[in-house]
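Data first, discussion second: the structure below is written as structure tokens.
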Amino acid sequence: MASELAMSSSDLPTSPLAMEYVNDFDLMKFEVKKEPVETDRIISQCGRLIAGGSLSSTPMSTPCSSVPPSPSFSAPSPGSGSEQKSHLEDYYWMSAYPQQINPEALGFSPEDAVEALISNSNQQQQQQQQQQLQAGYDGFARGQQYASSGGMPGEDMGSAAAVVSAVIAAAAAQNPHHHHHHHHHSVGHQAGVQPPGGGTGGGGSSGSSTSSSVVGALHPPAAHHHHHHHHLHFDDRFSDEQLVTMSVRELNRQLRGVSKEEVIRLKQKRRTLKNRGYAQSCRFKRVQQRHVLESEKNQLLQQVEHLKQEISRLLRERDAYKEKYEKLLGSGFRENGSSNSDNPSSPEYFMS
């Protein structure tokens, strides 16, 4: 132990702070327990399995003692027909078992082993989803081949419906939030586009309708419908009068937790309604002011006519008084002119 510490002391840093930090600890009280790595036993077991016919000899594969030999990976027996199995089935068998990594044999740390296990579980889920989709598409292609050959009997129609339902289920597993809103919509779409004649006459049309139903199920327009219902919900929540009369602070309080697009749309609608109301108010005020001015104009015209009538009456009275004065002046001058010659003959004398 002392020799090992002496050998490792040459690797220590030479800075004074680091040496003081190391000297604070008693390194002799730490015991290092070494366990022998059983690599020879694992290699011998793998050698026996390789001699028996197993093909799993890569260093990253699972330990040979934990996984049973696969019938598809072993040497084919005569007449067994195992060579006809597809590569997809072999890949499915290999991904069905979790890989058990031995960190001592591979030189991994415990953190690397945990990360490898986590990534392995994610890869298994993705591989299972891909296998479900691949199986659904293979069945769907076989159904289209049956339909294009001239007709589709009743049991083939049932298998095609099962394939379509499997594809829809796989798509819903990838998009669960779409499946909840549009499951009934996609089923109704399939029932609506499938022709009633499933026997001999409608092979091509049934294939096209089934493909359209699959496309509709894989690509549901969930966002548009959800957005449309969202708009209807907020349009019902706030009427036009409430949007116009509500203050900005109250509107912001009511719109907490709403999406940014919806807030912008409602505020634009409120601004449009307020501008429309302002324009209507200005138009009403202009019309009202026009009526007031027209009424005042009529009153002024009536007053002008009345004043004209008064002026004409006063002119007639003046003319009448003038004629009367002239008559009085002429008659008085004739009576007093012969008897009294000293009296002034000017008309101002009678006026005084």
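Keep in mind that glycine also has a Cβ here, set from the backbone N, Cα and C atoms.
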With the ranges 239-264, 265-290 to choose from, which does Swiss-Prot describe as region 'Basic motif'? 265-290
Of the ranges 117-138, 139-160, 293-314, which one does Swiss-Prot list as region 'Leucine-zipper'? 293-314
Going by DSSP assignments with H, G and I as helix and E and B as strand, what are the residue counts for the region 'Leucine-zipper' (293-314)? 22 helix, 0 strand, 0 coil
